[in-house]
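Working notes, structure below.
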Amino acid sequence: MSPSAAVLIPLAAAVLLRPVVGQTQCGGNLYTPGTLNFTLECYNAFQDCVAQFEANASQVDCNDGKGNLFMQQQANLGASPGSQNNDAIIAFQDIRDLCLLSGSTTATWGYSDNQWYWAAAEDACYTNDPTRTDVVKTHPAPFCIQNRDSSLPECYPQPDATPPGGPLKVIKTAKTRNGFKSSARGWNTYGVQALVNGSQVVPSFAGQSGLFYTQKFVETQCGVLARPEFKKAGYDLCSLDSGWQATTAVDQHGRIIYNTTRFNLPELASWLHKRDLKLGVYITPGVPCLAHNQTILGTNIKIKDVLNGNNDQINCDFDFRKDGVQQWHDSVVAQWASWGVDMLKLDFLTPGSPSNGANLACDSSDAVRAYQKAIKKSGRKIRLDISWKLCRNETWLPIWSDLAESMRTDQDLDNYGTNTLMAWQVGQRAIENYRQYIGLQAQRNVPLTIYPDMDALFTVNPEHLAGVNDTIRYTVQNHWLGAGANLIIGGDMEQVDALGLKLTTSKQSIDAADFFAKYPMQPRNPGTGSNAAKQLQAWIGGPSDDHEAYVLIVNYGPDLGNGGFSTKLYGKQKVTVSLKDLGISGSAWTFTDIWSGKSSRVTGSYSAWLTEGESQLLRLKRTH
């Protein structure tokens, strides 16, 4: 057994107890991995110090006694004895594998529970003597170490600027990889899970928090989806976010199973299907680390023989070059299909998932491919949603478009640390990310085969829970409709008010959703028709072959930090967009506000006075 493997085995068990989301920072002198080796003397001293630190949270310093290796820990001595330095092992594994053995000579590791670790290796710990055998080989870092604040700019380029007055290229959507012709509609647990104390504001969540929610809560919420008004509007997906899985057990073949204390997924799926609803579940790449000794179904292969490290998110990563990996995915999806699962959300994918604070594989697209193949083999029609804020440059947008039904275009919309669902500042950011996404899709000049996932739709609850006023609730709904995005409600289905019902289940909402599923909207700036981010903005979806279109005009209000437009116009503003701006001049059109029902005939331009955060969604029909 190699020195590195000797530490990885107990680490797997440690990580299973809770997800460790530390941040490693490499520094010091740089070297090219493979050109130097790490001396076994320094390696053993490193391991000895780790053991000392683990045994004594009060110990601060440790070194090799020769001036070549120095290490420190700052434990959280105010915590309970078992939690003061419980990150020490995983922290020093990261310091060792991601930095000292991978191109850097110093490293720090920090985590939000007030634990901090550091190590530095001097030149004497490294050798370029090829004849020495008392060494540990250096290697490229097995993970992409992302700074918590990294925006991964190479992943999210701005779309090419469209020329003022340029022709309109209608964007169309074709069938997805698995044959779906619209984005998903339904409800998801996470909006309530993310509330700082959801049990205070969502009665059916009483006694629950975060990842610890129950099947009874899900049935209470999704029972509302079974009502005729939601069923008619197509809101049929009941989606479980993280928390349904067992974290301390797998089945005999190492497959992910449900937490039997709080769930019975086959029973839940049956309950939903009897009501014409569908079941969705949340997953992340990899396999639970405690499954390492299990044998993959239909093979003689142990899971531990096809792994490629630990990604700090409870799971261990697969080496997709090895036989057995696809068979594991096939067996997992086959079991979920037998339970009645209709949708998979695959989260923490890369390239993407920026600022995650974890050690993720640089490219986990093979996990998407493996699940896609497994879905096809299962014979069940299952949606695949991939997440989050995935790389959308010219390399990756075509790849994701060929693998899944929908892709997350931004980070979470949730208003963390509060008991409200969202804040308008984050809403502006989500809309700006969609603007970039659709502009990049338009440049490809091909029908879209994937839908945007803009995160949960927080429009059905009144302001005290939604976190935004009714004016902005309209605007959020208008944008999610216009994008052809997943319409997955977040929040409390038992507190849907009259406006929430109108926004999601009215005929005008259904008609708009069906239209935008085929013709997603794109920006056409008032006055120029360009696609830049503007506070006073216009969008158009279509026109269709039947000479129908939708136009959205909006005043986003002052840029709250992530709107992309930087201006700060306050109060009501006049928004005027011409048919030329929209790219549909030469004909007369009837503009009808879908929510108020007011209509006007337009031959030149259309104007409206809109306050901060206000918008109008207009249905257009050509009159000649």
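From the backbone N, Cα and C atoms, a Cβ is placed for every residue, glycine too.
Keep in mind it's a predicted model, so treat the numbers as computed, not measured.
The signal peptide feature in Swiss-Prot is assigned to 1-22; the stated evidence is sequence analysis. The N-linked glycosylation site annotation in Swiss-Prot covers ASN37, ASN56, ASN197, ASN259, ASN293, ASN393, ASN469 and is backed by sequence analysis. Positions annotated as active site, nucleophile by Swiss-Prot, on the basis of similarity to another entry: ASP347. Residues or ranges marked as active site, proton donor in Swiss-Prot: ASP412.
Put plainly, the glycosylation sites ASN37, ASN56, ASN197, ASN259, ASN293 were compared by Cβ crowding within 10 Å, and the winner is ASN37.
Counting only same-chain residues at least 6 apart in sequence, those with a Cβ under 8 Å from the Cβ of the residue listed as 'active site, nucleophile' are SER242, TYR282, ILE283, THR284, SER353, SER387, TRP388. The recorded positions shown are ASN197, ASN293, ASN393, ASP412, ASN469; of these, the one with its CA atom nearest the CA of ASN37 (N-linked glycosylation site) is ASN293. When Cα-Cα distances from ASN197 (N-linked glycosylation site) are compared across the recorded positions ASN56, ASN259, ASN393, ASP412, ASN469, the shortest belongs to ASP412. The CA atom of ASN393 (N-linked glycosylation site) is located 35 Å away from the CA atom of ASN469 (N-linked glycosylation site). Sequence-distant neighbours of ASP412 (active site, proton donor) (same chain, 6+ residues apart, CB-CB distance under 8 A): ALA194, TRP388, ASP455. When the Cα atoms are compared, ASN259 (N-linked glycosylation site) and ASN293 (N-linked glycosylation site) turn out to be 20 Å apart. Cβ neighbours within 10 Å of ASN393 (N-linked glycosylation site), excluding its own Cβ and spanning all shown chains: 15. DSSP assigns ASN293 (N-linked glycosylation site) to coil in the three-state reduction, outside any helix or strand. If you take the Cα of ASN469 (N-linked glycosylation site) and the Cα of ASN56 (N-linked glycosylation site), they are about 53 angstrom apart, rounded to a whole number. The two recorded residues, ASN56 (N-linked glycosylation site) and ASN293 (N-linked glycosylation site), show a Cα separation of 31 Å.
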